[in-house]
Amino acid sequence: MTTNYIFVTGGVVSSLGKGIAAASLAAILEARGLNVTIMKLDPYINVDPGTMSPIQHGEVFVTEDGAETDLDLGHYERFIRTKMSRRNNFTTGRIYSDVLRKERRGDYLGATVQVIPHITNAIKERVLEGGEGHDVVLVEIGGTVGDIESLPFLEAIRQLAVDIGREHALFMHLTLVPYLAAAGEVKTKPTQHSVKELLSIGIQPDILICRSDRAVPANERAKIALFCNVPEKAVISMKDVDSIYKIPGLLKSQGLDDYICKRFSLNCPEANLSEWEQVIYEEANPAGEVTIGMVGKYIELPDAYKSVIEALKHGGLKNRVTVNIKLIDSQDVETRGVEILKDLDAILIPGGFGYRGVEGKIATARYARENNIPYLGICLGMQVALIEFARNVAGMDNANSTEFVPDCKYPVVALITEWRDEDGNVEVRNEKSDLGGTMRLGAQQCQLSDDSLVRQLYGASTIVERHRHRYEVNNMLLKQIEAAGLRVAGRSGDAQLVEIIEVPNHPWFVACQFHPEFTSTPRDGHPLFAGFVKAANEHQKRQAK
């Protein structure tokens, strides 16, 4: 089987939406029966985004096999059925780390190690490895054409197109076509200059995706085609839309998938986008709305919680309600009190690290428990719920996590001292160990209690969810907390670790150690988020009586 590659680049400015465009195109090709995957190549020198600030980089998306990756991989999984893995995302730092390790071992037999060919060859090898077994692979190059750090990746894909043959390689370039109100027209010159920059590197784009706040007129697309040496039918207008799930239909309506299939000589049926049409219909025709408060510490950048926000929206689709998300800084809860949590239909505390704002999260969990407000805690959101219950119900004054107070009297949450690395080897860590790559990561099995709410929601006794954490419930103190009324609703496959807790005699109080947001999709939703949004809707109705 021959694998075909579409290399996706961006020009003029960043944040044009390369990831959404690539994912949308992949969704159309998948709907034509093709086996599709997507890769993201990031030009920063960090080995992975695992230790990067969420406020700078956005969320870290965790794959089934435990890779800490760029948030664009979350978009990919929400748009196509193919599961991402560590092969789908790598960085400059990872490439240099691999090459330097080989150099130290003597693998290069004394050769002078250079960007070309050693770095570019390493990039090409990873791209080819990631594409094995697929009909079409979309490869998104992070950053903007012209950035110095992107040059090795651009050179690598230029070479790769020659290596595999131009009949199996396409270059798709996203570019900004701004509208100038003073002139009353869109301007194509930035696109021309962006393509000129690509040509100077040796890459002639085959497809141009024109990003604008409005549809780019046919005469302007013809002008772009003429000056950029691209067929008119390969100049695609991608205007702003009110829902990203409309983009597959927008691209298909302009024949982008037909053009690609003809270029690759792929004989496949027309794309059936009925599932996406259903998503768009549900999104546009809600029967009501709810307001859910999300209390976190990185709220100045909503992308830090991208998958959670999307999963809440998916939960809304499954309940035919619009979910309005109110982002609340947990430090504001500390300084202004729980009064700012009033008038919410439900409360969610997502994952996070560090002590800043944690007491505000603990106060939030108490407010939700005592006032019968639906609560969903994720990762740290479960740990603060446990701490709150231990302090205020189980009589364990000043209970805490050793992450925040190492010598506390009741360490109800403690460090995981053993975990398996990406090769399956058991590693031992302590508080002084490196932060990068030293967490419980990836898909883990969980056994659900028969009498639990989550057992009803999932409709199964065993589930698999993705993890990203260093701290866990301390089993040594668990019996006292359970005796006070807390229910352990889910345990790890070996029954050693607490994965889910519930508060009985509460309308809906569920907290999990894993990250359910990573497996939620617009077409299928997720049982926890669907149940949570339903509980929010029911709470709203109770309050209205």
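Backbone N, Cα and C atoms are what each Cβ position is placed from, and that goes for glycine too.
If you look up Swiss-Prot, you'll see 1-266 marked as region 'Amidoligase domain', on the strength of sequence analysis.
Per Swiss-Prot, the feature CTP binding site maps to SER14, ASP147, ILE148, GLU149, LYS187, THR188, LYS189, PRO190, THR191, GLN192, LYS223. Taken residue by residue with DSSP, THR188 (UTP binding site) is part of neither helix nor strand, so it is coil.
What Swiss-Prot records for SER14, LYS187, THR188, LYS189, PRO190, THR191, GLN192, LYS223 is UTP binding site, and it gives sequence analysis as the kind of evidence. Long-range Cβ proximity for LYS223 (CTP binding site), meaning a same-chain Cβ under 8 A and a gap of 6 or more residues, is found for THR188.
Long-range Cβ proximity for SER15 (ATP binding site), meaning a same-chain Cβ under 8 A and a gap of 6 or more residues, is found for none. The annotation ATP binding site is assigned in Swiss-Prot to SER15, LEU16, GLY17, LYS18, GLY19, ILE20, ASP72, LYS239, ASP240, VAL241 on the grounds of sequence analysis.
In three-state terms derived from DSSP, ASP72 (ATP binding site) belongs to a helical segment. Annotated Mg(2+) binding site per Swiss-Prot: ASP72, GLU140, in sequence order.
Here Swiss-Prot flags 291-542 as domain 'Glutamine amidotransferase type-1', drawing on sequence analysis. Mean pLDDT of the predicted structure over the domain 'Glutamine amidotransferase type-1' (291-542): 92.
Taken residue by residue with DSSP, GLN383 (L-glutamine binding site) is part of a helix. The Cβ of GLN383 (L-glutamine binding site) has GLY377, SER401, VAL413, TYR471, VAL473, GLN513 as same-chain neighbours under 8 Å, each 6 or more residues away in sequence. Feature annotation from Swiss-Prot assigns L-glutamine binding site to GLY352, LEU380, GLY381, MET382, GLN383, GLU403, ARG470.
Every protein chain considered, the tally of other Cβ atoms within 10 Å of the Cβ of CYS379 (active site, nucleophile) stands at 22. Per Swiss-Prot, active site, nucleophile is recorded for CYS379.
If you look up Swiss-Prot, you'll see HIS515 (among others) marked as active site. Under the three-state DSSP scheme, HIS515 (active site) falls in the coil class. Other Cβ atoms within 10 Å of the Cβ of HIS515 (active site) number 24 in total over all chains.
Non-local contacts of GLU517 (active site) by the CB criterion (under 8 A, 6+ apart in sequence, same chain) comprise SER307, VAL308, GLU310, ALA311, PRO350, ILE378, HIS526, PHE529. Among the features that Swiss-Prot reports, active site is placed at GLU517 (among others), with the record citing sequence analysis.
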Problem - Inter-residue C-alpha distance, HIS515 (active site) and CYS379 (active site, nucleophile) (nearest angstrom) - result: 7
Handout entry: Most crowded position, judged by CB atoms within 10 A, among GLY19, GLY381 as binding-site residues
Key = GLY381
Practice task
Measure from the CA atom of CYS379 (active site, nucleophile) to the CA atom of SER14 (CTP binding site) and give the result in Å, rounded to a whole number.
Solution key: 31
Problem - Rounded Cα separation (Å) that holds between GLY17 (ATP binding site) and THR191 (CTP binding site) - result: 15
Handout entry: Among LYS187, LYS189, ARG470 [binding-site residues], residue with fewest other Cβ within 10 Å
Key = LYS189
Exercise for the section: Using DSSP with the three-state reduction, classify GLU403 (L-glutamine binding site) as helix, strand or coil. Expected result: coil
Exercise for the section: Taking the residues SER14, ASP147, ILE148, GLU149, LYS187, THR188, LYS189, PRO190, THR191, GLN192, LYS223, which the record names as binding CTP, find the longest CA to CA distance and state it in Å to the nearest whole number. Expected result: 31
